[in-house]
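Pulled from TrEMBL:
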type: TRANSMEM; residues: 21-38; note: transmembrane segment
type: TRANSMEM; residues: 58-81; note: transmembrane segment
type: TRANSMEM; residues: 102-132; note: transmembrane segment
type: TRANSMEM; residues: 152-172; note: transmembrane segment
type: TRANSMEM; residues: 179-200; note: transmembrane segment
type: TRANSMEM; residues: 206-224; note: transmembrane segment
Amino acid sequence: MLHLMKLEMKKFKLGWYVKGAIIANVIIIAIFCLINYIEQIEETGRGEIVKSFSDAFVLIGGMVRGTFIVFAGVLIAKLVIEEYKNKTILIMFSYPVSRKKLIASKLVITALLTFTTILLSNIFVAGAVFILNSYIPIVPDSITVNEFMKEVIKMVPFAIAAAGTSLIPLYFGMRKYSVPVTILSSLIVVMIACSSNPGFSVVTLIPLQLGLAAIGIMIAYYGIRNIEKEDIAA
């Protein structure tokens with residue numbers, strides 16, 4: 001499996017993903033700072049969206065997870081859907097390797113990249129805000145290094161949940177081997193998983209996040225299990 005994953009990553013040259021992740025992180029930091037700057041220059045003189053670093057971590061977490069669930073949709077489109085659509089998957093299926101292992105390797109790459117990128121991006125973005133806040137009043141609150149590390153640890157289960165949730169677009173993309181549908185469905189998943197409002201915030205509801213992750217894992221499981229029955233050449 002590990003060898004297959006290495007071959008897949010070499011084949012698809014995922015440098016674009018790394019570059020995209022870096023650019024996305026910079027944009028998230030800029031948007032976060034802009035949101036809080038606008039809030040703090042309003043008549044109230046205080047931020048309504050982010051009143052503390054706890055709120056900041058919630059907003060950052062939602063933005064990061066939403067961004068990389070969409071990235072995962074693009075990954076699924078490239079690694080799986082495009083190969084089915086162009087029938088290049090037939091070449092891979094001609095190898096003396098289990099079809100299930102081939103597809104599983106692609107989905108494991110997607111889930112692992114999503115988990116790792118979300119966790120590292122959360123740390124990077126929150127760390128940047130933490131440092132910037134020492135020079136520019138972005139968040140009307142302060143936080144110690146120990147408190148910062150505790151918040152980072154809290155991000156881990158959400159990153160795991162997002163990795164599972166990121167597999168949901170596979171179901172929709174495989175219906176007609178459609179790349180646009182795969183990416184569009186990832187956006188819809190983000191709207192559900194990362195929605196937040198003053199009355200009720202889904203983005204911090206871990207049972208729902210884990211429920212969505214379970215759905216994504218089941219979709220991946222049944223997709224892998226039924227791969228031998230798929231008539232690709234039709």
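Even glycines carry a Cβ here, placed using N, Cα and C.
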Positions whose Cβ lies under 8 angstroms from the transmembrane segment (58-81), at least six residues beyond its ends: 8, 12, 17, 20-21, 24, 28, 31-32, 35, 49-50, 103, 106-107, 109-111, 113-114, 117-118, 121-122, 125-126, 129, 155, 158-159, 162, 165-167, 169-170, 173-174, 177-179, 182-183, 185-187, 189-190, 193-194, 196, 201, 203-204
Close approaches to the transmembrane segment (152-172) from elsewhere in its chain (Cβ under 8 angstroms; 6 or more beyond its ends): 57, 61, 65, 68-69, 72-73, 76, 80, 107, 110-112, 114-115, 118-119, 122-123, 126, 178, 181-186, 189, 193, 206, 209-210, 212-217, 219-220, 223
Candidates 102-132, 179-200, 206-224; stretch with most C-beta pairs under 8 Å toward the transmembrane segment (21-38): 102-132
Chain residues outside the transmembrane segment (179-200) and at least six past its termini with a C-beta under 8 angstroms from it: 58-59, 62-63, 65-66, 69-70, 72-74, 76-77, 81-82, 85, 162, 165-166, 168-173, 208-209, 212
Residues of the parent chain within Cβ reach of the transmembrane segment (102-132), under 8 Å, 6 or more residues beyond its termini: 1, 4-5, 8-9, 14, 17, 21, 24-25, 28-29, 32-33, 53, 56-57, 60-61, 63-65, 67-69, 71-72, 75-76, 79-80, 92-93, 95, 138-139, 143, 148, 151-152, 155-156, 158-160, 162-164, 166-167, 170, 220, 223-224, 227
